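Down below is the structure, laid out as C-alpha cells.
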Amino acid sequence: MIRSVRRVFIYVSIFVLIIVLKRTLSGTDQTSMKQPVVVIGSGLAGLTTSNRLISKYRIPVVLLDKAASIGGNSIKASSGINGAHTDTQQNLKVMDTPELFLKDTLHSAKGRGVPSLMDKLTKESKSAIRWLQTEFDLKLDLLAQLGGHSVPRTHRSSGKLPPGFEIVQALSKKLKDISSKDSNLVQIMLNSEVVDIELDNQGHVTGVVYMDENGNRKIMKSHHVVFCSGGFGYSKEMLKEYSPNLIHLPTTNGKQTTGDGQKILSKLGAELIDMDQVQVHPTGFIDPNDRENNWKFLAAEALRGLGGILLHPTTGRRFTNELSTRDTVTMEIQSKCPKNDNRALLVMSDKVYENYTNNINFYMSKNLIKKVSINDLIRQYDLQTTASELVTELKSYSDVNTKDTFDRPLIINAFDKDISTESTVYVGEVTPVVHFTMGGVKINEKSQVIKKNSESVLSNGIFAAGEVSGGVHGANRLGGSSLLECVVFGKTAADNIAKLY
C-alpha cells in the first residue's frame with residue numbers, strides 16, 4: 001500500500017515538473033533557446049526586418065554588418081520615401097492612388113523588372129508609411145514631387161533631420177533599446193563580414209559564415225537568413241562586368257556597397273535579374289575643393305522637386321525638364337552640356353531654400369552650394385551670357401501663365417517676378433553619378449530568393465530585401481522608392497519567416 005502511494009506521488013511529481021518546465025520554456029526563456037534569424041546588413045531593409053521580427057513576433061535576431069556603423073546607404077537618403085493615398089497626402093489635399101503610383105513605376109521601368117513586385121511595392125506603400133509613423137513616431141508630414149511622379153508622394157518630416165538619417169536613427173534606436181534590455185532577443189554585430197551560407201543536403205539553411213572584427217572565421221547557427229546587404233555601386237569590378245560604360249563615373253555609394261550578397265547567393269544558385277540596369281543619378285555635387293574625388297555627395301532630387309532648375313554651365317540657359325526620370329535628365333546633361341567635365345549648374349530661389357532649409361544649410365556647410373547674386377554667378381562660373389539675359393531666363397521659367405519650354409509638369413517656389421541682377425540665388429555644380437543598382441537576386445512576393453532558371457525558391461530559409469534584390473524597379477528607379485522598397489519587402493520577409501519559424 002505504501003509503495004503504491006509512493007509510486008503515485010512520484011508520477012504526480014514528474015507530471016507537475018513537466019508542466020512547470022513547459023510553462024517556463026514557453027516564455028522568454030524559450031526565445032533565448034531558439035536559433036536566431038540572421039539579418040545581413042543594417043540599412044533600412046535590415047532594420048525594418050529586424051524590428052518587425054522582434055516587435056511583432058518576438059523572434060530573436062542577430063544583425064550582422066561588415067561596416068563599423070549602422071545605416072548603410074539608407075542613412076544618406078535625402079529626398080524621402082514614397083507612399084500613395086497616405087494620410088499625409090489627404091491632409092495636404094493631394095489626390096493619389098496606388099494605381100497611379102504603379103502606372104508611374106511601370107513607365108519608369110521601361111518594360112524591365114517584375115510587374116507583380118512593382119504592384120506589391122505600390123499597393124503596400126500606404127501601410128509602409130503608416131507603419132513608420134505609428135511604430136516609430138515619425139511625422140512624415142511633408143511632400144515633394146520628384147521626377148517621373150504624377151503627383152507629390154515623396155514623404156519627409158518637418159524638422160532638422162534628413163529623411164534617411166531620421167528613419168534609420170529611429171529604427172536603430174528601438175533595436176538598441178531592446179538589445180540593452182534583452183540581449184537574447186537582438187544582437188547587433190558590426191565589423192562582421194558574411195562570406196558564405198551553410199546548407200544541409202536538403203538545401204536548408206544551417207548557418208551563416210562570417211569574419212569577425214579580428215579576422216576570425218566564425219559560424220552563426222541559424223535556419224533563416226535575410227540578405228539586406230545592398231547593391232554594388234561602389235564596386236568597379238562588378239560595374240566592369242555588368243555595366244562597363246559607367247566605370248568612369250563617380251559614385252554616391254559607400255565603400256561597403258560591393259555586391260557581396262549577390263555574389264554569395266549567385267554561388268548558391270540564385271537567379272540574378274537586370275544586373276546591367278544601373279541607375280545614374282543626374283545630380284551629384286562637385287566639391288570645388290576636391291573636384292576629382294570619385295565619391296560625391298548626392299544633390300537630392302528634392303532640390304529639383306521643390307523648384308530647383310538646371311542651367312547649361314557655359315550658356316546659362318535651361319536645357320531640360322528637370323522633373324523627367326533620372327535616366328532622361330542624365331542623358332540630357334551628358335548630351336547637351338560640355339563633355340569635357342560632364343556638369344551642369346543647379347540653381348534655386350530663396351523659396352526653395354525656405355522649404356528645404358536644413359538640407360541646404362548642410363550642403364552650404366560643405367561648400368557644395370553657394371548663395372550668390374546673379375552678377376556673381378555670371379563671374380564665378382564664367383558664363384557666356386550677361387546677368388540681364390540670365391534674369392530674363394529665370395523670369396521666363398517662373399512665368400506660370402505660359403507653357404514651360406521643356407514641359408516641366410510642376411513649377412513651384414519659382415524666382416520672384418521682380419528678380420534683378422543683384423538678387424541672390426543658391427547654386428551648386430552637379431554631375432551624373434552611379435547611384436543605385438536596379439538589378440540583383442530575383443525574389444518573389446514573399447521576399448524569398450528564386451533559384452536560377454526556375455520559379456522555385458532557392459531555400460525556404462533564404463530571403464532578400466532592398467537593393468540586393470532585383471526586379472522591383474526595372475530599368476529605372478523612381479526617386480523615393482528605394483526607402484519604400486526596404487520597408488515593404490523587409491516587413492514581408494519578417495512576416496513570412498514568422499510563418500515558418
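The backbone N, Cα and C atoms fix where each Cβ goes, and this holds for glycine too.
What Swiss-Prot says about this protein:
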| type | residues | note |
| --- | --- | --- |
| TRANSIT | 1-32 | transit peptide |
| BINDING | 37-51 | FAD binding site |
| ACT_SITE | HIS281 | active site |
| ACT_SITE | ARG304 | active site |
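Features as recorded by Swiss-Prot, highlighted on the structure.
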residue	record	Cβ contacts under 8 Å, 6 or more apart
VAL37	FAD binding site	THR49, LEU53, ILE59, PRO60, VAL61, VAL62, SER222, HIS224, VAL225, VAL226, ILE497, TYR501
VAL39	FAD binding site	GLY46, THR49, SER50, LEU53, VAL61, VAL62, LEU63, LEU64, VAL225, VAL226, CYS228
GLY41	FAD binding site	LEU64, ASP65, GLY72, PHE227, CYS228, SER229, GLY230, GLY261, GLY466, VAL468
GLY43	FAD binding site	GLY71, GLY72, ASN73, SER74, ILE75, VAL168, CYS228, GLY230, GLY466, GLU467, CYS486
ALA45	FAD binding site	SER74, CYS228, ALA465, GLY466, GLU467, VAL468, GLU485, CYS486, VAL487, PHE489, GLY490
LEU47	FAD binding site	LEU63, ILE70, SER74, VAL168, LEU171, SER172, LEU175, GLY490
ASN51	FAD binding site	GLU135, LEU171, LYS174, LEU175
HIS281	active site	THR252, LEU298, GLU301, ARG326, THR330, PRO432, VAL433, VAL434, HIS435, PHE436
ARG304	active site	LEU146, GLY147, THR283, LEU310, GLU322, LEU323, LEU346
* Structure fact -> Taking all protein chains shown into account, the Cβ-based neighbour count within 10 Å for THR49 (FAD binding site) is 33
